[in-house]
Every structure is written in structure tokens, then in C-alpha cells.
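Q: Take a look at this one; I'll ask things after.
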Number of protein chains: 2
Amino acid sequence: MRLTFLGTSAGAPTPYRNVTGLCLAIEDSRDWYLFDCGEGSQQQLLNTRYSAARLQAIFISHVHGDHCYGLPGLIASANMHGRTAPLTICAPDGIEQFVRTTFMHTDVNNLRFELNFVRSDQPGFFYRDKYLDVSAIALSHRVPSYAYHCREHPPYHLEESQLDKLGVPRGPMWNRLQKGQDQRLEDGSLIRADDVRHPAWAPRQLIIGGDNDQPELLASALPQCQLLVHEATFTEDVLARVGSQYMHSTAAMVAKAAAQAELPNLILTHISQRYRLGSGEHIEHSVEDLRAEARQSYTGQLFMAEDLESYELDREGALTIRKEQN
Amino acid sequence: MRLTFLGTSAGAPTPYRNVTGLCLAIEDSRDWYLFDCGEGSQQQLLNTRYSAARLQAIFISHVHGDHCYGLPGLIASANMHGRTAPLTICAPDGIEQFVRTTFMHTDVNNLRFELNFVRSDQPGFFYRDKYLDVSAIALSHRVPSYAYHCREHPPYHLEESQLDKLGVPRGPMWNRLQKGQDQRLEDGSLIRADDVRHPAWAPRQLIIGGDNDQPELLASALPQCQLLVHEATFTEDVLARVGSQYMHSTAAMVAKAAAQAELPNLILTHISQRYRLGSGEHIEHSVEDLRAEARQSYTGQLFMAEDLESYELDREGALTIRKEQN
């Protein structure tokens, strides 16, 4: 699985970081998913291998502008460039209203594709397509905010000797079992798909968090995951000074939750603009401060996200930075 | 006067051009005005000498997203960065609704500054501050669209010998006359400010157009201007192929209107993404095609706008490109 960061800044853009947006794709596929869509996401996208034509679905964590103000432009440009495939947008209350009233006031009444809004803040929210299952985990922020827990569908192998032993005739029935559909034989006996097939590899799972000041809310889902992408807006010292009213996490808070779950890979993003790259006397707050703070409790693989960086999560669950963008 | 282009692309961004946005400032002042605000304008602004803190007013030409989708983010970031001065936004119907409903749906209810929306599509619209007078000229497009006609206020010099001859006592009365306020002397006679003062130089005037397929609508205002900034989305051959339903201008149409008015300076912008920089066999449509088409009827100074280019319109009305951005 491949992740590409479109923006890594908290709240407002800086010369080096755009606001939040993250592409997720399965290996080298040009089909992809977008997690949050801050202003300028469509511009950042022009520097990646992905285009709105192949966008499978959008997941928005919460209604703050730095996570959603890029939606109307992305959709309008996709329309201008000829997209006709329906587009699913999973988001909490407010996002559909924002997009539809924006379009109403700005003369967008001729979209050539359908927008399917799905409320991700409703109990039982579940997204499934040929690549992914996605569920939502409620977080703690100034407005309702959600993490998205993604689980891939690897291809399945049939256990052929087992099928022969059970007397399942080769042909369409094997195909249906491979797809996960239970089958009944002529003698009335039921063959359960999951008894006669196994995934080609253990499905990768990851969580992409929204704004949140309680990373421990992910405790029950994290142990199944190979990767967490989570905001770390502040270090502890800065949080103590600015106060907790913004309801963001520190690097320490996220690191503790990740360590608790023995998570192998952690990417921190949504970084306050006070943290600069590099170090030295002229830099009061550095990205390295965030990294060092996280390192105090987390010993797994740790990355501080940068704009337009791509990461590869391989089938063994190992995470590496990919240098090329396209 | 200085102009800096934040975006020069029609409809959607490209890797080299953002959507429409233009900064206007008086000479070296860091006080400035924004004309149109497509998505990503706040990001482009980070590459200029201007900041939202010193933004005097915004003028929006029409409701299409590539001219206004950057407004909510620009305003929200200005708020985050501590702006408290009220902000005037002159725009046709729909823009205030777009901004206010966006803020309503996205938890922006704590702006520390006032937004003063002024309907520029109303008869008699007129904006005046210490630097500029701005009026609106109705254009022809798929939705109501406006050009903004800007006229600077140069400083005024008093005609001192004339004042002495008229017996106007030196002091506060001279100050008020210099500011343009007529004064009545003790003997009852009225002194008209414009009889005893003159501008330090002829006020510069320019028109910044919105989307428009009838540049001749500017015919009565253009002869007073030193500069027109206007869209030239297509060349004639491309317009003939795509059809006139998008209601945009060709380079030839704008050039003819500028030539008719004997306009000294013309900048063409809002360029369809099919036109590439440079030339050669692999380039079907080049920006040079637009330039060449305009050159056929226009012999004044002609520029094809590029993102983050700055232009200086000096007090003699001569236009030059400035190399430095900041």
C-alpha cells in the first residue's frame, strides 16, 4: 500500500507545508483514495501520480476548513476534466451541506457525475469496495472528528485438495467460493468459503486519524494495525503554554498510544507551523523536537511527514519512504 | 502601482498556473488589494511580499469557483494569524452567501474581525479608501461578471500663491482644502478645494476584468486607463472549435478593444490550460499563439501573465515587469 502526503501543516499552509490531504493506493495502482481535502489539495495532486479521474472515494475526518476546503475545487475540476464515474464521499454531518451550498451559490449545477455522500458519523458506518474495507472511530476534538480504519482485501487462494476432498465440482462453484460466497452442494451440505480459502497474505490494516486530543481512543483498533498516521500538532512544552482548548495531540501522547499497542509503524503529521525543519540557534521550535519527544516512549519505526513524500507499506507490514513521486 | 499575479489559469489549476488571483498595491506599500481569490490564493500569497494582515479589500468578479473558492481559507487563516481589522469584500450576489454558509457548516463562528460585504452588482456601487476609488463595469458571461475600474488618489499640492491671493489663512483651513474639503471664509465666500489644489501626478487608472466574452463593453472606460488586465482564454481557432457557450474572450477580441481605445498597456491572463509555454513540434497550442494573435491588432505594450510575476505601472503610465517577488 502506498501513501502520499498532499499536506502536513496544522490549520494554515506555510511555504513548505500545505494543509491536510493524504492519498492512499494499493501498491502501484493508479486507483486511489483521498483522506481529508484541505484547500490546495487539487494543486498538490498535480505533483503526484494520481488524478481525480481514478479517485475511488474521499474520507473527511471533520468539518474544519483545513481538512475540507479543497473539496469543491477538486470536484469541479474533476468535472471539467471529464469524470463521469460516481464519487463516494464519506464524511461527518456538515460536509455534504458545505459542498452542496457552495455549488448552489457558485453556479455548479451541471456535474456529470453523481456525488454519493455517506455519513461516517452514523453508527454502523462501513465502506467496502474491491480493494478496501473502511470503518470510522470517533475521536475527541472541538467538533466531531473521526479516524478511518482501513483494511485491505488481498486476493484469496482456494485450498484445492480440501475442495476435492469435500467433492466440490471444479467450475463456477470454485469461483464463487473464492469470492467468499458460501455454496450448497447437491447433497445439501454447506461449504463455507472461509473454510476452503485463505488470503494470499495477511490483510494490511492502518488507521488514518483526524484531529484528536485522545489518541488512546484508538487503543482497541491499533493492535490489528501495521501503521498509524496521526496528528502531532504540538510538543508537550508548547501545549502547556498554548493550553488544551484547541484539542490537539502532542507527539508524546500519540507515541504513548502507539507504544502501548506495540504498533510497528507511526507517521506523525499535522504539524504546527512553529516547528521548522532543521535545527540551530535561530530555530526556536524544530520538527526534530517533535521526533525526539515521540522517541522517548515509542521504539517502532517513526516518521515525521513532509509534503509530497510517499511511503510504501509492504505485504510484510514494513514501511519505507519512496523517493520518487510519480 | 504594482500588480502581482497569484494565478493565471482558466477554470482549473495546472502544474505551472494557479487559478485566478491578482494583488494590487500602491508603489512599495505593503497595503494591498486582492482581485479574485481562486483556490490556493493564500498559498500563492506566501510567495509574495503581501500578507492577509495588510489586505485592504477584496474584489470578486463573479461566482465561478476558480475566482472565489480561496476566500474561506484566506479569511480563516487571516483570523488564525491574528487579524482584527475589518475586511471589505466587494462582490456580486452569491459570494456573501457562499462564504457565510461555508463558515456556518465548518465551525467558523469566532472571527476576530468583521466581514463587510458590499454588493458590486448593485447600481451605483463605488468603493473609496485613502488609496483608491473603484467602480464596477458589467461584463458578459454565463453568470453576472464585473470588471473593476481602479483610480488612484495621488497626493495633492496646494496652489499657495492662489490661496494667499484669495486671503485663505494658513493653518487648519489649508489642510482641509488639501484633503478636498471646500471651505467658507469669514466673509462668506466659498473656496472650492479643486480650484486651489492639483494632484502631484495624473491619477493612474486601470481595469481588472472578470470573465467576459465582450471586451467592447469596456470601450467607454478604457480611454482613461493606462492598463487593462483581461482574460484571453482562447485563440480564435480554438474558440471556433470549442464553441462560444463558455462565454470567454479570445486574444484577438481583447486586442481589438484595446487597440480601439489606444490603450498603452495590456496584460492577458486566464489562459486555457491547452496553451503551453515555449514552442516546438510537440506543442500543439502555445502561449505564443495567444500573443501573436493579440499582436495582429494591438501595437501597445503587451504581456502574457505568468504566476508570481510582478508588474510596475509607474507615474508616467509605463508598465514594466519587476523581477523580484518580495
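Heads up, residue numbers simply count up from 1 along the chain you see.
Every residue, even glycine, has its Cβ placed from backbone N, Cα and C.
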Q: Which of A:D129, A:D133, A:D211, A:D213 shares the Zn(2+) 2 site with A:D66, A:H67, A:H270 per TrEMBL?
A: A:D211
Q: Hey, TrEMBL has Zn(2+) 1 bound by A:H62, A:H64, A:D211. Any idea which of A:H141, A:H149, A:H153 it lists too?
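A: Among A:H141, A:H149, A:H153, only A:H141 appears alongside A:H62, A:H64, A:D211 as Zn(2+) 1-binding in TrEMBL.
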Q: Out of the binding-site residues listed (A:H62, A:H64, A:D211), which are within 10 Å of A:H270 (Zn(2+) 2 binding site), Cα to Cα?
A: A:D211
Q: Looking at the binding-site residues A:H64, A:H67, A:H141, A:H270, which ones have a CB within reach of chain B, meaning under 8 Å Cβ to CB?
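A: Near chain B, the qualifying binding-site residues are A:H64.
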Q: Around the Cβ of A:D211 (Zn(2+) 1 binding site), how many other Cβ atoms lie within 10 Å? Please give the count over every shown protein chain.
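A: For A:D211 (Zn(2+) 1 binding site), the 10 Å Cβ neighbour count is 29.
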Q: Out of these binding-site residues, A:H62, A:H64, A:H141, A:H270, which one has the fewest other C-beta atoms within 10 Å of its own C-beta?
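A: Relative to the other binding-site residues in A:H62, A:H64, A:H141, A:H270, A:H141 has the fewest Cβ atoms within 10 Å.
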Q: By a simple count, how many Cβ atoms lie within 10 Å of the Cβ of A:H67 (Zn(2+) 2 binding site), its own Cβ left out?
A: 29
